[in-house]
């Protein structure tokens with residue numbers, strides 16, 4: 001059998017140019033002067049041209065790897081969503097008195113405070129610990145925090161438990177999407193990261209569903225918090241069978257284990273093509289890890305800030321994280337029970353299913369289209385929907401609350417039509433959030449070079465939690481001072497500013513490999529360069545494909561001629577049309 005692969009020829013031609021450098025990496029020694037990404041004719045080896053059999057398919061092993069990793073997303077969602085339905089059930093169980101609004105805000109903010117430390121510490125040390133160990137440490141904090149909260153009999157104890165839990169939430173929020181980004185094949189990377197992103201609203205939906213079912217159960221809030229320990233224990237068990245990120249293994253010089261991981265991710269690929277994939281990863285690792293050689297942590301931080309490409313990429317993902325919080329969506333999660341109770345629903349916890357369910361549905365839609373429409377494409381389509389939803393809420397709350405002076409009054413029975421209009425606005429608003437920020441903020445690792453990927457993810461996620469803290473501790477107070485319309489008007493203003501940033505400063509990563517995306521910010525914010533790189537990639541692959549088809553046709557007709565079979569021009573045209581239409585494969589039996 002003769003199979004024509006332009007990718008094979010392209011990389012064979014590259015092999016001799018890079019032998020010395022690659023051998024240095026394989027020996028775990030690296031090189032004294034790693035080449036810059038532009039040192040190889042302007043580019044390193046293009047991963048998109050190293051095509052592996054079955055690369056665009058999700059295998060059972062990849063499903064297991066992604067699902068086990070995404071449990072961290074479920075824990076993130078469950079433990080941030082559960083507080084909104086659990087706190088109204090506490091009653092007088094914590095000190096004999098009902099929780100006031102200040103205590104609710106502090107308890108809610110406890111997880112956010114812990115998450116700030118968790119994302120900063122585990123994100124900053126993610127390269128040294130490894131992705132796998134960082135996730136396992138997060139699971140320990142998840143489990144211990146859940147036990148402390150479920151056994152609480154005082155407000156200080158539950159706050160401590162929420163802070164401990166928050167460390168796990170923050171660490172998982174950084175490391176899980178980072179781990180998935182570094183292990184998933186380029187062709188399906190968007191969907192794989194999307195699974196973790198979907199598990200976040202799915203966890204919130206599960207928390208709301210269980211909360212609705214334990215409304216009349218004595219101590220039901222304890223059960224809600226205790227159940228959070230179950231997924232973390234499951235992930236602790238499953239991660240025993242999962243590998244370390246192959247790129248971290250390469251950094252540590254463990255090339256054999258990295259090769260084994262690639263072989264399991266691409267089970268139908270030949271050893272030769274797996275080695276090509278490994279070589280691509282080694283080239284980028286060697287070219288992008290010079291920052292970590294012989295410098296202290298603070299020296300690296302200083303260098304990161306002074307290097308324009310690093311600084312711009314971290315700012316870009318940090319702004320997107322902040323935008324996902326400052327649009328106000330998480331107020332619907334944290335205070336769902338309180339808000340829908342004020343709206344007059346008899347079962348506030350059941351009302352919390354509305355934003356959680358809507359979010360989950362539209363995250364599914366977003367993650368299923370992200371590799372086609374793109375990250376930036378979804379933002380440009382979905383954020384305007386979110387903005388219109390905020391305008392809808394502003395108008396809806398204004399007219400609904402007119403009889404009570406613009407403020408929400410728990411003792412007043414609001415007109416059901418106006419309540420329905422507000423709920424409709426919330427659904428529309430959440431739909432826009434689900435299509436965009438709910439999952440796209442967790443693609444942050446795609447935009448960061450390997451040497452700053454863990455640190456940058458930690459910074460961006462820390463920004464996320466700081467913004468979350470600001471919103472969560474001020475929401476109830478804002479409702480009481482600024483009115484609901486004023487509160488959502490404030491969120492609208494911040495969201496418009498964020499959207500302007502997205503339009504001018506947030507590039508597309510669709511069709512680019514995880515190692516190529518870090519090159520976008522070399523000279524500017526990369527919006528135009530992203531378009532140019534993807535256009536060049538498309539044209540290059542098209543040229544290679546045309547050459548491949550022509551060679552396949554030539555081989556076919558050479559075989560026919562050897563059998564003394566005549567070939568007409570019409571038959572040649574028909575054969576080429578079949579190749580281009582995908583009806584024939586570019587391989588020939590001779």
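Using the three backbone atoms N, Cα and C, a Cβ is placed for every residue, glycine included.
What Swiss-Prot says about this one:
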CARBOHYD  100  N-linked glycosylation site
TOPO_DOM  1-57  topological domain 'Cytoplasmic'
TOPO_DOM  79-105  topological domain 'Extracellular'
TOPO_DOM  127-132  topological domain 'Cytoplasmic'
TOPO_DOM  154-157  topological domain 'Extracellular'
TOPO_DOM  179-192  topological domain 'Cytoplasmic'
TOPO_DOM  214-222  topological domain 'Extracellular'
TOPO_DOM  244-325  topological domain 'Cytoplasmic'
TOPO_DOM  371-376  topological domain 'Cytoplasmic'
TOPO_DOM  398-420  topological domain 'Extracellular'
TOPO_DOM  442-455  topological domain 'Cytoplasmic'
TOPO_DOM  477-485  topological domain 'Extracellular'
TOPO_DOM  507-590  topological domain 'Cytoplasmic'
TRANSMEM  58-78  transmembrane segment
TRANSMEM  106-126  transmembrane segment
TRANSMEM  133-153  transmembrane segment
TRANSMEM  158-178  transmembrane segment
TRANSMEM  193-213  transmembrane segment
TRANSMEM  223-243  transmembrane segment
TRANSMEM  326-346  transmembrane segment
TRANSMEM  350-370  transmembrane segment
TRANSMEM  377-397  transmembrane segment
TRANSMEM  421-441  transmembrane segment
TRANSMEM  456-476  transmembrane segment
TRANSMEM  486-506  transmembrane segment
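Cβ neighbour count for the residue listed as 'N-linked glycosylation site' (all protein chains, 10 Å cutoff from its Cβ): 8. Fewer than three CB pairs closer than 8 A are found between the transmembrane segment (133-153) and the transmembrane segment (377-397), and contact between the two stretches is not assigned (pairs 6 or more residues apart). Tertiary neighbourhood of the topological domain 'Cytoplasmic' (442-455): same-chain residues 73, 123-127, 173-175, 177-178, 181-182, 189-190, 193, 196-197, 200, 247, 251, 284-285, 288-292, 300-301, 304, 309-310, 313-314, 316-317, 320-321, 375, 461, 507, 509, 514-515, 517-518, 520-521, selected by CB-CB distance under 8 Å and a gap of 6+ residues from either end. According to DSSP, the residue listed as 'N-linked glycosylation site' is assigned to coil rather than to any helix or strand. Counting only same-chain residues 6+ beyond the ends of the transmembrane segment (456-476), those with a CB under 8 A from a CB of the stretch are 101, 104-106, 108-109, 112-113, 115-116, 119-124, 126, 170, 173-175, 177-178, 304, 310, 313-314, 317-318, 320-322, 324-326, 328, 330-331, 334-335, 338, 441, 444-445, 448, 487. Spatially, the transmembrane segment (223-243) is adjacent to the transmembrane segment (58-78); three or more Cβ-Cβ distances between them are under 8 Å for residues at least 6 apart in sequence. Remark: the transmembrane segment (350-370) makes no contact with the transmembrane segment (58-78), by the rule of 3 or more CB pairs under 8 A. Contact counts against the transmembrane segment (58-78), taken as Cβ pairs under 8 Å, peak for 193-213 among the stretches 106-126, 193-213, 377-397, 421-441.
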